[in-house]
Amino acid sequence: MTEISMLNDIQKIIVLDYGSQYNQLIARRIREFGVFSELKSHHITAQELRDINPIGIVLSGGPNSVYATDAFGIDPEIFELGIPILGICYGMQLITHTLGGKVVPAGQAGHREYGQSSLRLRSASALFAGTPDEQLVLMSHGDAVTEIPEGFHLVGDSNDCPYAAMENTKKRLYGIQFHPEVRHSVYGNDILKNFAISICGGRGDWSMDNFIDMQIAKIRETVGDRKVLLGLSGGVDSSVVGVLLQKAIGDQLTCIFVDHGLLRKNEGDQVMEMLGGRFGLNIIRVDASKRFLDLLAGVEDPEKKRKIIGNEFVYVFDDEASKLKGVDFLAQGTLYTDIIESGTETAQTIKSHHNVGGLPEDMQFELIEPLNTLFKDEVRALGTALGMPDEVVWRQPFPGPGLAIRVMGEITAEKLETVRESDAILREEIAKAGLERDVWQYFTVNTGVRSVGVMGDGRTYDYTIAIRAITSIDGMTADFAQLPWEVLKKISVRIVNEVDHVNRIVYDITSKPPATVEWE
């Protein structure tokens, strides 16, 4: 069987994007059940879906009202394909509105719901098989279904939602007003699994090995016999992309490792030894530290920093590519979380991402982003499946802009050194305590704040370093890590004693949301 025919044989469930910031969680949950799933635009037509030939379709949640003049719609022929369709929140309202039911502002009907609610099942349904008749679900809707379309029947309700679940088994259409993809819906995973396996007929045989086969085939088809340039940042994402690309196209890949002066301690040498030595990647190391730091001098705004770094990265690549022949593609380690935070057609921008929002319009390369449907933990699983060792796969995430976004305000050599040295101490102590796998991400930040201190018999007026340590599954949400006090004490004592120009340590105890993982 050829790679392309093997790809066509992989079962797929398509999630249509209607604007929820957590849409990819639906696809992610379905992939956990061994069924491949990915997002597509809500503009997709019935014919395009026929060509994809999915075993199921999910209509996601979203912030709009289905009755608004600018509401995101759907090709009505999609409902005639005979493919099982699950509408979630806005998706259920869209099914209702399109097929002749009634949706009204919940304030008018008194059915507005935000937060956990108790769902009561009123009739048996394959969608809810194996779940209790009463269960906690997460509701988040400002509109409500007050009349379901002809051919549908009520499956479940709640105190404030008369139609919390409905179905038309003849047409294989299902609607739920709550969000099964989030953890607050206690049996949400069971519901999505029932849809993917029992209703859609998923075999549950998709794995990261399948993803590797799919991406290799896609890369080879896209690239042909042309050449690809990859920017290595020293982080997990670009390292995994490098190994994947080498597996796909071999010596057609050239890696550019830009030392922009914003790397962690000893990072440059480690990258060369790890990826060039162990994995045999062809890496050109470029010392562009003065070039970057000169451009960043006096810049305080975090968005401007990101744009400058993103632009300059590409210009450096352009300079290096001009020395090579026939380079047409630029590969990046963009993850789905980066795309979400940078905003999409249906989702608002939280902050621009260096792999998404910092690229100049006159860029001379086509982009290849093999990881842009994956979350961080899936990237680690991909690295393991590619045979990469734990010290690479479990390396701490590191943003493309590097320490520039871990120095608040203007970047100076002195500030950079405080972060570089304090971060090294933090990583050493976390490793000594055996907490590397328990803490999802950890790093230090120069807050830009100076405070008065006493060292020896003298007064000091030096920087405050913040420690950021979080626990998370996929980076979409996170909690601050509850590090043992004795570990925090060791870290604090070492930093103030070993790092010049630092006299105070604080611990960031903010979750995401409301904060993001990085400070800038």
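Placement of Cβ uses the backbone N, Cα and C atoms for every residue, glycine included.
Feature annotation from Swiss-Prot assigns domain 'Glutamine amidotransferase type-1' to 12-205; the stated evidence is sequence analysis. As annotated by Swiss-Prot, active site, nucleophile applies to CYS89, with the evidence given as sequence analysis. For HIS179, GLU181, the entry in Swiss-Prot reads active site, with the evidence type sequence analysis. If you look up Swiss-Prot, you'll see 206-395 marked as domain 'GMPS ATP-PPase'. The ATP binding site feature in Swiss-Prot is assigned to SER233, GLY234, GLY235, VAL236, ASP237, SER238, SER239.
Feature map: Swiss-Prot annotations on the structure.
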residue : record           : Cβ contacts under 8 Å, 6 or more apart
HIS179  : active site      : TYR22, GLY61, ILE88, CYS89, VAL137, LEU138, MET139, SER140, SER185, GLY188
GLU181  : active site      : TYR22, LEU25, ILE26, ARG28, ARG29, ILE88, GLY188, LEU192
SER233  : ATP binding site : GLY333, PHE398, PRO399, GLY400, GLY402
GLY234  : ATP binding site : PHE257, LEU263, ARG264, GLU267, GLY268, GLN270, VAL271, PHE398
GLY235  : ATP binding site : GLY333, ARG395, PRO397, PHE398, PRO399, GLY400
VAL236  : ATP binding site : GLY333, LYS376, VAL379, ARG380, GLY383, VAL392, VAL393, TRP394, ARG395, GLN396, PRO397, PHE398
ASP237  : ATP binding site : GLY333, THR334, LEU335, LEU371, LYS376, VAL379, PRO397
SER238  : ATP binding site : LEU230, GLY231, LEU232, GLN332, GLY333
SER239  : ATP binding site : LEU232, MET274, LEU275, GLY333, GLY383, MET388, VAL392, ARG395
CB-centroid shell, 8 A cutoff, ATP site SER233, GLY234, GLY235, VAL236, ASP237, SER238, SER239, site residues removed: LEU232, VAL240, VAL241, GLY333, ARG395, PRO397, PHE398
Packing count at CYS89 (active site, nucleophile) (other Cβ atoms within 10 Å of its Cβ): 25
Rounded mean pLDDT for the residues that make up the domain 'Glutamine amidotransferase type-1' (12-205): 91
Three-state secondary structure, SER233 (ATP binding site) (per DSSP): coil
